Amino acid sequence: MNTTATTPVFGVRNLWKVFGPRADRVPGDPLLADLPQADLRARTGCTAAVRDVSFDVRKGEVFVVMGLSGSGKSTLVRCLTRLIEPTSGTLEIDGDDVLAMDGSRLRELRRRRAAMVFQHFGLLPHRSVLDNVAYGLEIQGVGRAERRARAAGFVEKVGLAGLEHRRPGQLSGGQQQRVGLARALAVDPEVLLFDEPFSALDPLIRRDMQEEVVRLHREEGRTMVFITHDLGEALRVGDRIALMRDGRIVQLGTPEEIVGAPADDYVRDFVRDVPREQVVTVRTAMRPMRADDAGNGPALPPGATVSEAITAAAHGGGTPVRVVENGRCLGVVDPQTLLGVVAGVTPPAGKAAA
Amino acid sequence: MTPTTTSKQGPGEKRPTAPRPTAPRRPANAAPGEAPTTPRPAPAAPTPTTTGAGATDDGSPTTVVPPRVPDDGSPTTVVRPRTPEGGGAPPAARGATAPAPSTAPPALRPGTPTPDGGTTAACTPAPAGTGTAAAGGRRAPWRRPRVLGGAASALVLGLAGALLLGGGGWPAGLTVDLSAPLDDANQWVLDNRDTHPLFLYFLLHLSNTAVDAVNAVYGVLAAMGWPGVLTAGVLLAWRAAGFDRRGARVACVAFGAFALCGLLGMWDATLLTLALMVVAVAVAALLGALIGLAAGLSDRVDRALRPVLDTMQVLPAFAYLLPFVLVFGTGTPAALFCTVIYAAPPMARLTALGLRSADPGVLEAAVSLGANGRQRLWTARLPLARRRMLLGLNQTIMMALSMVVIAALVGAGGLGEEVYSALSTVDVGKALAAGIPIVLIAVWLDRTTAAAGDRLGATAPRRGLLHGRSAWALAAGGTLAATLAGLAFGTTWPRGWTYDISTPVNRAQDWIVDHLSTGVPLVGGTQVWSDAFTVGLLNPLRDGLQWLPWWALLLLVAALARLVGTWLSALTATAALAATGVLGVWTKSLDTLSQVVAALAVTLVVGVLTGVACARLRWVERWLRPVLDTLQTMPQFVYLIPVVALFGVSRAAAITAAVVYALPAVVRITAQGVREVDPAALEAARSMGASTRQQLFQVQLPLARPALKLAVNQGVVLVLAVVVVGGLVGGGALGYDVVKGLSRGEMGTGVTAGLAIVCLGLVLDRITQPTARGPRP
């Protein structure tokens, strides 16, 4: 996904959100800005929910912001459309300065460019499913007949056909979140923002919904910003993950980078129980081909995971698996390498070599 | 699918905020089942300062909460039995609210009693803080003995002082005579009513408009004829409750109510009362909704309004009549205006509460989609507040009804007038003939609005001819057809279709007087009981209070108020009691106080016992529930009728009416409190082999303490309101002065007595505020 040349969907630089009295003095004051959360509260009565955060969300990617509760991730995503007003920093959407927008331009942004899906759905209990889905269009001023017709398509798309006239109260949690998703999709936004959308659902339904999101992303390629506190969910849906702690991003990278090369002990602790073979790719795990390697092992693309390589190796009778791209052999993974990844004893080869 | 759970997320449910106390006037009951449905908002916000708090909730439409209604936030309490979404009545059913333990418990406080809708609810007890409470916060346990000691020593000191110095009333030197200036003011109004510009260009227009409006509505109702009105009432009830089985039941209630009104020969009076109600409710609801809108959208308005509404809750209905009579004289305008003022607060409070407790998640979703302020209001906040607003409307209607009836004292006419004139000649039969229609109308209005509120649940609307707009058209068409039919057959209720119950009722009453009042073997008789009560309890209590030196009494009240509340509440209570002395009605105030205390004692003993029985014995609860529902629907005026039949005109009669009026609330609150004791605690006791008695005394009652305190407070306010009305039937003292002032235009006497009653209300409220020590979140 090499789209760095184009303008990012969201460009965030040095963003701060501080709650509390005279919050705006905190970001600019180096003495205060570096204080730990508790000290800052003691000194100023302020809480810095987002501290000096910078990142780009590239077009078409699923950007996951991950962290435990209180890490500032929900605040961060609300800052993106100024549902919460950032304290300082710069924020651009497609190159437009969001912080400079006046009320009507901001509403226009919210109406057409970014739509959000909420943890607790935020559905209107007095309206039918169809009218809930059409709500965003109604706010845009779309006529009743047209918005209902358009909404009906999205109801179907999220798999709720036949339930159009139910009220949210008559739906299960998973179904309600599908309504929330359809409502966000209905306005055809450039970017979808998900605020822990599946945390309130039970695990089976959560898995379903995650697959639904992955499917939608595959089909439409829409840019998504996804907030979650669930590492498994982050790894499953994310192209890139920003891991937050105490308002800062402690590591930003692909799932593989996060799992394979934790930036610090906190991240390492976090990813310790992740089944690494399902995240680490053979591109990372492989070692250069050596003269004594047999050249006839099974071939895999570099994006394959280690667990796929294990399967292939098992079928191949133990010969090293070749990593092949465009007909060129980039390297091999032998059973020893694979075991090392699974056991977590050797850092992935790429890193180890370096 | 978890429809249920989801549907229950009330807007309020998740609010981070703290509960706020409010006080409904009538206690509520809530059905446990319901409780969940009702949102229990826990609003945060500072508590109101003044009156205590009761919290309310609204969840259910029917409750009437009177004046002290919920503030925002309150978790609530008042719920009505049938609940909205509750659907199946849960076991506890009507009556109890089930506050979730975890949520802040609501406190309910009664305000003045109103007749409200009946089935009002119970409340949950809660410690919501009252304003003062806020100040107090949770008191450290070690401080209590000291306070107790202080109170005890104040009491001892007072008694000792009384013995040493001799008793005595309020020193004459410390009084201020308000009667003369008030009479002067009244005279000035009378003299200038036709000439002063204030009247010519403002007040006169108001009163003329009021009269015109009532006459217009009455004219329309009269023109519709009885078939038209009857059909309209039935179809309206049916449509509002939904064209289904429940709707059909409500429609039957409507039909029965109107038909009986006609049968009892009260058709015209009923129409007049309805006309007054239509105008008063329309204005009160509109005014309340606008005020509520302002308070819901603006924090500043909300802050400014809250103390005003809190104060209004403490005032008995009577207190509202006096100033209006002063300005407008007796007649329809005064009755109408005070009804509007009396009935508007619940609408305002619940509208504001509804707007404020809208699910923040929904509002955020609306903002995230780019909704502007107006779109948020119309598409999200107002629709989300609809159920609360309908509950407010229900309460407004029930309060308006009770006030319209009481306003007969100032010449409002209608059913209240019939009751009043019959009572003043002790014609129980006639009073009953007028009282029954009042009860029926109350039941009709209550059931209709409650059913309409229930229908606003989260279920999908049904479609078809019998639903939606076409159903309204159908109802209107039916009414029109009936009206036309009425024009053909006659619009007045057929003379032959009436039945005079006053003669048989009076005969029955004579029989009661002859056979039951004295000489019944073993049990004595009603007259005997009443005399014994008067001589044995009432007189000693009154004489004792009047014998105590005034400063000892002040000291005692201060100590009591400090004991349950804060220094601020002690100060308020003392000042209020002193005010009655300053007004020059010390002796009469103590007379009224003695009646309140006696009535309260009886109410609490009977109420708590019944409440505990209700909570522990399913069959008692099942039998009592409908009785309590009906009792709570009736305006306080109506209670006087049967007690006069039994006890004649006496203080005991007035007290009995007060007891009957206050009982349902006390029973419900107690039952609910006992029933809702943490099941884990009860189970633990049972697992250790506690006997029933041990369970009750060691677990249930101690844990239900907040509910019991609340019951006391509710009881006080309810009792006080009726003891005042009891002035009509021999209660004497302040109540009689008010009635006399109102009916004879002796403003000085009436207003002074009215102020003294308000002061007494404050005193009693402060020394029984159950919520004072509530934990502040």
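A Cβ is built for glycine as well, from the same backbone N, Cα and C atoms used for every other residue.
Annotated in TrEMBL:
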COMPBIAS  B:25-37  compositional bias 'Low complexity'
COMPBIAS  B:47-66  compositional bias 'Low complexity'
COMPBIAS  B:90-101  compositional bias 'Low complexity'
COMPBIAS  B:109-139  compositional bias 'Low complexity'
DOMAIN    B:270-449  domain 'ABC transmembrane type-1'
DOMAIN    B:589-768  domain 'ABC transmembrane type-1'
REGION    B:1-141  region 'Disordered'
TRANSMEM  B:147-170  transmembrane segment
TRANSMEM  B:216-238  transmembrane segment
TRANSMEM  B:250-267  transmembrane segment
TRANSMEM  B:318-344  transmembrane segment
TRANSMEM  B:350-371  transmembrane segment
TRANSMEM  B:392-416  transmembrane segment
TRANSMEM  B:428-445  transmembrane segment
TRANSMEM  B:471-490  transmembrane segment
TRANSMEM  B:551-584  transmembrane segment
TRANSMEM  B:596-619  transmembrane segment
TRANSMEM  B:639-663  transmembrane segment
TRANSMEM  B:748-767  transmembrane segment
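Under 8 Å from some Cβ of the transmembrane segment (B:318-344) lie the Cβ atoms of residues 182, 185-186, 189-190, 193, 203, 206-207, 210-211, 214, 276, 279-281, 283-285, 287-288, 291, 396-397, 399-400, 403-404, 406-413, 724-725, 735, 738, 741-742, 745, 747, 750-751, 754-755, 757-758, all in the same chain and six or more residues away from its ends. Counting Cβ pairs closer than 8 Å and at least 6 residues apart in sequence, the transmembrane segment (B:471-490) and the transmembrane segment (B:216-238) reach three or more and so form a contact. If you look at the transmembrane segment (B:250-267) against the transmembrane segment (B:596-619), you find fewer than three C-beta pairs under 8 angstroms, all six or more positions apart, and that falls short of contact. Non-local neighbours of the transmembrane segment (B:596-619) in the same chain are 91, 533, 537-538, 541, 655, 658-659, 662-663, 665-675, 692, 696, 700-701, 708, 711-712, 715-716, 719-720, 722-723, 760, 764; each lies 6+ residues outside the stretch with a CB under 8 Å from one of its CB atoms. Proximity of distant same-chain residues to the transmembrane segment (B:392-416), defined by a Cβ-Cβ separation under 8 Å and at least 6 residues beyond the stretch ends, is recorded for 58, 61-66, 69, 114-118, 266, 269-270, 272-273, 276-277, 280-281, 284-285, 288-289, 292, 317-318, 320-321, 324-325, 330-332, 334-336, 338-340, 342-344, 346-351, 354, 434-435, 437-438, 441-442, 445-446, 449-450, 453, 633, 635-638, 725, 739, 742-743.
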